[in-house]
Amino acid sequence: MAHLAALSQLHVSLAAPAGSDTTLRRSAFKVQNISFGGKSWAPALALDLKSRNAGLTKRLSVCMSVQQASRSKVAVSPIELEDAKEPPLNTYKPKEPYTATIVSVERIVGPNAPGETCHIVIDHGGNVPYWEGQSYGVIPPGENPKKPGNPHNVRLYSIASTRYGDSFDGKTTSLCVRRAVYYDPETGKEDPSKNGVCSNFLCNSKSGDKVQITGPSGKIMLLPENDPNATHIMIATGTGVAPYRGYLRRMFMEGVPKYKFGGLAWLFLGVANNDSLLYDDEFAKYLQDYPDHFRYDKALSREQKNKSGGKMYVQDKIEEYSDEIFKLLDDGAHIYFCGLKGMMPGIQDTLKKVADQRGEKWDEKLSQLKKNKQWHVEVY
């Protein structure tokens, strides 16, 4: 590990699965499982407090203080992915997409969530590199009903992983996809003929299935890394949390040699209820390990009330912390919005109201934020 405290140190020899999360927790007298984000392994462990030569086999030798154990980061590769000066753009276009492979499809919401959201991992073999905050296009199989003989139009999905992917080897990407289901307003029954073609294709996919992808695309949501101590205020509804998962993994989970985050990341996530929270275990882990650098506020519209007694939406949370948010923006913080386009009018109204209360003109402030490249919006 890169840094060792001048505390009593613990020597552990362990076998770690390749590409696994390796946040470690240890007691000098009791060996526990490796765990991160609720996932755990129980590898064969050899605890040797007498010899500094133990574990010189194919196992990974880890030397760390007990205090640092819970904050160790995951090694990533290839580090050459850090070398590009500009983000990759449109490496693959709709007329010549890349054929990737589905690795896994996992439902990530609870039984009481309205609708189904899936986390989908796709193997691109390292051939379609991307940066955090970009999107992939997906072309579902079949024929475009509006253009017989032609493929379906491309559907864009914000990428929910860092450039190294969930396996930390630069060969996969992850998407956060809500299954689009249409219900007839008169009968209340599902009408499969009107369901979302691409979201259902992805959520129904199995490991090994092929998928046509394009991109990557987009620059507006790229994570500015020129100042590693900057403040990033991230506002999302539902699957709009996807790019922020990538940001946060880069900031707090991955051991990226060229990027050491020392600023503040503040996430506001709006969903229907507790069962609808996405990647909550990961975010809770960052909150536990990096309380000085991460804040996490949830707006659960069906379970919480705002100060007026109505449903709690993400704009209500913004209003709750408006003074602090405005001060951070004045100090150069970046603010991001991602999710359904219907989120923006309510948020804009809230920000305008707060600006008026502060004696500021919102239109002028917004213009200045855009000019300073502090304002990042991607809605759909």
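Heads up, the Cβ atoms here are built off N, Cα and C, so glycines get one too.
TrEMBL: automatically predicted annotations, no manual curation.
Model confidence over the domain 'FAD-binding FR-type' (95-223) stands at 94, taken as the mean pLDDT rounded to a whole number. If you look up TrEMBL, you'll see 95-223 marked as domain 'FAD-binding FR-type'.
As annotated by TrEMBL, NADP(+) binding site applies to Ser158, Arg178, Thr239, Ser301, Arg302, Lys311, Gly339, Leu340, Glu378. Residues near Ser158 (NADP(+) binding site) in space but far in sequence (CB under 8 A, at least 6 apart, same chain), listed by position: Gly133, Gln134, Ser135, Leu175, Cys176, Met221, Thr239, Gly240, Ala242, Pro243, Cys338, Glu378.
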Which ones in the same chain are close to Gly339 (NADP(+) binding site), with CB under 8 Å and 6+ residues apart in sequence?
-> Ile235, Ala236, Thr237, Gly238, Thr239, Gly240, Val241, Gly270, Val379, Tyr380
List the same-chain residues at least 6 positions away in sequence whose Cβ sits under 8 Å from the Cβ of Arg302 (NADP(+) binding site), in sequence order, or say none.
-> Ala272, Asn273, Lys311
In the structure shown, with every protein chain counted, which of the binding-site residues Thr239, Glu378 has the densest set of Cβ atoms within 10 angstroms of its Cβ?
-> Thr239
